[in-house]
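**Q** Below: one structure in structure tokens.
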Amino acid sequence: MSVVTLLTLTLLAAMFRSSSAHQASSSIGPQGEASNGGAADPAFPWSHLRLPSYIVPVHYELRLHPNLTELRLSGSVRVQVEVKNDTNWVVLHSKALNISNAMLLDHSMAALSEQVLPVLHHPGHEQVAVFSPRVLSSGHTYFLHLQFGAELTEGFYGFYKSSYKTGAGETRVLASTHFEPTSARKAFPCFDEPSFKANYTVTIRRSPEHIALSNMPIKTVRLNEDLMEDHFATSVKMSTYLVAFVICDFRSVSATTSSGVKVSIYAAPEKLHQTHYALEVAVKTLDFYEKYFNINYPLPKQDLIAIPDFESGAMENWGLTTYRETSLLYDPRSSSAQDKLWVTMVIAHELAHQWFGNLVTMVWWNDIWLNEGFARYMEYIAVEATYPELHVEEYLLNVCFAAVGRDSLNSSRPISSAAENPTQIREMFDTVSYDKGACVLHMLRHFLTDEVFQSGIVRYLRKFSYGNAQNQDLWDSLANRISLQGNSATTTGEHLNLTAMMNTWTLQKGVPLVTVTREGSRLLLKQERFLKAVLPSDPVWATYLWHIPLTFKTSSSRTVHRHLMVTKTGERQVSSPTDWVKVNTDMAGYYLVHYEGRGWDQLTQLLRENHTALSYHDRTHLIHNAFQLIVTGKLSMGRALDLIGYLPSETHTVPLLEGLGFLGAYYRMLEKTAEHDVTQKLRTYILRFFGDVIDRQTWEDKGSVTERHLRSEVISLACDLGHAPCLRQANQRFADWLHSEGKLSLPADLTETIYSVGAQDERGWEFLLHAYTASPSETHKHKILSAMGSSRDKNKLLEMALEGEVIRNQDLSTLVYLVARNPHGQQLAWAFFKKNWGFLVQKFQLSSFCIRSLMVGTTAWFSSAEELSDMRSFFQSIEEQASQLRATQVALDNVQKNVLWMEMNLGPLRDWLNRHIH
């Protein structure tokens, strides 16, 4: 035993011998309010952020009494622990909890001491330590009993307060939890790390006018006229961040899956009619996952509940998934086709987590992609199987394009990245974990074949059920299935070291660019990292190598050729004669492609003469690649615009929207600049070039989901560009809606566009504000908010969002982004963000999704050196906080990319437009 340990034990023994009346607030008191000013107690026995591994929780008996009138929580927890090494300490997590009593008991429930045990605090690490005067012996079981109290918090994490208003204007209060990643410690003292899985027995006291929900089924006892006690069955073994409870007055609709699982959708009583679609989706999706994974859902029930105040989209708590209202509720009268798709996808995502994340959990947060990447990808597999009419496969390309956008900045990170403190951990919930994770899995599935991929992940889920896993465990499970089937298990048939291959995708950042050069029948290949806003001479370009599952097809064969490229350069043979080569077939691979020599010209000619020779995936991929490459100077603006010259004859939604998306983004970036001639000519070009596409659109909710999506986007862009027929139609419909005092039914897919046009005058804006306050649908309210954010009077709107009364705080980041998207609102949104930085961080937590989206979103359209300089100055003024966030550099890199785009492409764009617009 070290000298330091002996001194510490001597000090604690002295503390223990003192009477309980001599307790100081630094030993038992509110977290962070110790007499030493919030610093760790000098005798605190543990110096690491992560808890010691020699005390392992087995079972929590948690008793809670939330008071929704006083907004306070009182409770107790008795944790059964197993001791791996002799110790006098139990160190666990606690944040903002007032621990009033601590006891340790042996396996027979006998107290180890008759006196109250000292509790030390380390606020910086969000930890407490309980001292035992008797050694806790290795191999033995003990019980830690803690009594505590806390306030129901005002934010969106821990056990927090929410509220809603009835149609009669009465405010109803509820309380809900959101613990992921590190906020269970704000609701009860616990071992708040994902590998400390345990069982939970929860008891909640409440008033009779409320109901209580938790992870497991319930039995209720009436204690007296004013108090009910709900006893929830003991849970399966799970991580702390998946524990959940809600106290509310909601109502529900229910159904049963084919295997007997009871599924219920909960919402505020007046919104119950919006729950039926979610119930249908949840039942069908659970049935699908049970068959796909060949593992039954392990709980007897699955509740889904719409929480009025919710920062993220949803949370996968086992057996009680919580949702923002827009992610769960669907009103056929006001919800668009895209709203319906969103609800379907979010439910599929959260239910996928019941296996990926809940049944099998990552060992630590550095591998959160094993949860989120899989759930994101399984959304598409599940919805494509259960709702084929939604054509969800068409949207996976956008997921991968979003990942490329982030990954092509130097501020990106590896999928698996170090994350130790809560700020770093929260930042792991980003585009890289979700979208890149999903796209790498998509590539792997196509490489290994569907059968091997599915059987491999089933093996992974079975082997690590109720436990924890890391990257290597997934690769081993998949490699096992490959070895059983030989080389035929991969699409190339080549020898495969799966770990070596996948480490190149998960342990290094970035996206590869494959450059293709044709020399006769030889196809010369070269790989490098694709970076925007960094010069090609930068040394970071030379240090990356991926194992790329390469695919290509040619004009001379329908065969998809496959090759695993594991070197910087390579060579393949193609048949001769061959008019064209298209690499990365259907964009199944996560990499970009550049064609040297005449490669781009040949593909441009192909699209012009016979675009259906390529799949819509390939056509969309070509458009995306071309416009990515112009940022780096590898492809000229003119050649990229020539490539999309075929689009007036394009009949598929996805390539059309990809081309329109780039042109619309350029217009939006140019609109706020002094380059009026280029802006006006680009506007003229878009309206003229896509005139037939615009004219084909009708103002009604008819057609497939993809047709309705195209209609919504095209009409929105046309009105944004001031297209006279579009504005006339929108103004007339808005006037009719006003005349009916909001009772007229508008086409749901076009409501936002109609409102946006109508919001430009004061009368329309004021009526929309009234409609916003009166609407029972959060989805409808979002459309109104988006429209008002596009108006010229935005100051009032931002102030209302800050107050949080009319516009909920959860919608603040969305509103600020909507204002920033408007060229007349960019500087206003940025000024608002700077002015209210302190309030925003206090309200939403540093590194929360809201703060990160505000930091990147308010500056997304900046494109001048002056704006970039202003950003740097502000971030320097908040350096202590900004330096902790990867999002700071993401925002700067994004604007640096825009500045570079303007420098390199403004002139060429002007020249090209001058040649094509007369």
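Placement of Cβ uses the backbone N, Cα and C atoms for every residue, glycine included.
Those TrEMBL annotations? Automatic predictions, nothing curated.
As listed in TrEMBL for this protein:
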ACT_SITE  E350  active site, proton acceptor
BINDING   H349, H353, E372  Zn(2+) binding site
DOMAIN    56-242  domain 'Aminopeptidase N-like N-terminal'
DOMAIN    277-505  domain 'Peptidase M1 membrane alanine aminopeptidase'
DOMAIN    580-896  domain 'ERAP1-like C-terminal'
SIGNAL    1-21  signal peptide
SITE      Y434  site 'Transition state stabilizer'
**Q** Within the chain of H353 (Zn(2+) binding site), which residues six or more apart in sequence place their C-beta under 8 angstroms from its C-beta?
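**A** Same-chain residues close to H353 (Zn(2+) binding site) (Cβ under 8 Å, separated by 6 or more) are E316, T321, N371, A375.
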**Q** For the recorded Zn(2+) site, whose residues are H349, H353, E372, find every other residue on that chain with a C-beta no more than 8 angstroms from the centre of their C-beta atoms, and list them by sequence position.
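**A** Along the chain, the qualifying residues are E316, E350, A352, F356, G357, N371, F374, A375, R376, M378, E379, Y434.
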**Q** Within the chain of E350 (active site, proton acceptor), which residues six or more apart in sequence place their C-beta under 8 angstroms from its C-beta?
**A** L304, A314, M315, E316, T321, Y323, A375
**Q** Where E372 (Zn(2+) binding site) and Y434 (site 'Transition state stabilizer') are concerned, what is their Cα separation in Å, rounded?
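**A** That comes out at 5 Å between the alpha carbons.
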**Q** Neighbour count, 10 Å Cβ-Cβ cut-off, for E372 (Zn(2+) binding site): what number do you get?
**A** 25
**Q** Can you give me the Cα-Cα distance between H349 (Zn(2+) binding site) and Y434 (site 'Transition state stabilizer') in Å, rounded to a whole number?
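**A** A Cα-Cα distance of 11 Å.
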**Q** If you count other CB atoms within 10 A of each CB, which of H349, Y434 wins among these recorded positions?
**A** H349
